[in-house]
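**Student:** Structure provided below as structure tokens; questions to follow.
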């Protein structure tokens, strides 16, 4: 009690003498306080221009091969990203200050969907708060593109509601994945550029994709997540398979067949789409059973292969509820009109789709991934069996490649004895 009384008396004396008292705040940094001058409180400048501001939606397309994802990275050795270039353009146009450039959340800069390294997008939406500019929807895209590289394009701006947040207001995301059809070759078919997918196999792929529709626990389709983690539960709205098409390989002087899969979901977790594609390929190639897809949603940890990232493209973001609720006062964000759609499709065809197809033909990423599929993953083709079936596809494919298909496919294929030390790999396999 005596110590408390002494402290109270000391505080009273300090007040009488006009001395500063020890601060009870967690931080004594004066920069956190407003400035008092002439009896008035001068509010600290937060970096916003002292003009009226509006919340805007900005639609962006980009070829992602030269960038380390969408999200800006900090530090002196930060890798180039899409957001870093967008922020540079905003700063050079004089629409944000250096302080806001360093702290994008202070002007509510937010992307609707994050894309990983080398992944492209054609209708990415960003929300941001900028000084009021009546001509921004008409001239803003050209002003931004003047400071952006050719593989990043802003297509337009639209004024949004004052609380618009592109990620939280987004109802769904649509991605596409384009790949060579030989990825769906059966064990008795050669996996090469001459492969042409049969209509019944296209139908089979479509049926397998339907198994992903609805709400499931995708903990096996991401990394470092447990079955109990509720963030792994995601809702798939649709998953479809398009029609096959031919694309010319001028270097090898041949036509290669491709096909595009399209998935729409409420949201996705890391690697989810690529692993759904990888599992679908494994089932069609008879490395895995269809029932394995249902089991992958249950508590058992499974080895789900991840398809290459090259063919993945963010196609569209959906704002159905926003468009419906604010139809009377604001333009829609799911449909940007014919003029902007034409610009989007031009960029998609010339810079993104063409680049995906050319890169696949040049680097053979899917063929190389298929060649490692059996060696680097374990598959349980028979769910009732505890034995892991290894090498079955490779052995059958080798027989086709060597024109040794006299053994009925229904029979088990025993590997031929090899000299000691020789690797367990089928020589002359169609999968290179």
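The backbone N, Cα and C atoms fix where each Cβ goes, glycine too.
Per TrEMBL, the features are:
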COMPBIAS  1-19  compositional bias 'Basic and acidic residues'
REGION    1-44  region 'Disordered'
COMPBIAS  20-30  compositional bias 'Polar residues'
COMPBIAS  31-44  compositional bias 'Basic and acidic residues'
ACT_SITE  116  active site, nucleophile
BINDING   175  substrate binding site
DOMAIN    209-319  domain 'Pseudouridine synthase I TruA alpha/beta'
REGION    404-432  region 'Disordered'
COMPBIAS  422-432  compositional bias 'Acidic residues'
**Student:** Write out the long-range same-chain contacts of residue 175 (substrate binding site), meaning residues 6 or more apart in sequence whose Cβ is under 8 Å from its Cβ.
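**Tutor:** For residue 175 (substrate binding site), the qualifying residues are 262, 263, 264, 268, 273, 312, 313, 314, 315.
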**Student:** Across all the protein chains here, work out how many other Cβ atoms are within 10 Å of the Cβ of the residue listed as 'active site, nucleophile'.
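**Tutor:** There are 15 of them.
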**Student:** Tell me, what is the mean pLDDT of the domain 'Pseudouridine synthase I TruA alpha/beta' (209-319)?
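**Tutor:** Across the domain 'Pseudouridine synthase I TruA alpha/beta' (209-319), the average pLDDT comes out at 96.
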**Student:** Could you count the residues of the domain 'Pseudouridine synthase I TruA alpha/beta' (209-319) that DSSP puts in helix, in strand and in coil?
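**Tutor:** Helix, strand and coil residues of the domain 'Pseudouridine synthase I TruA alpha/beta' (209-319) number 27 helix, 37 strand, 47 coil.
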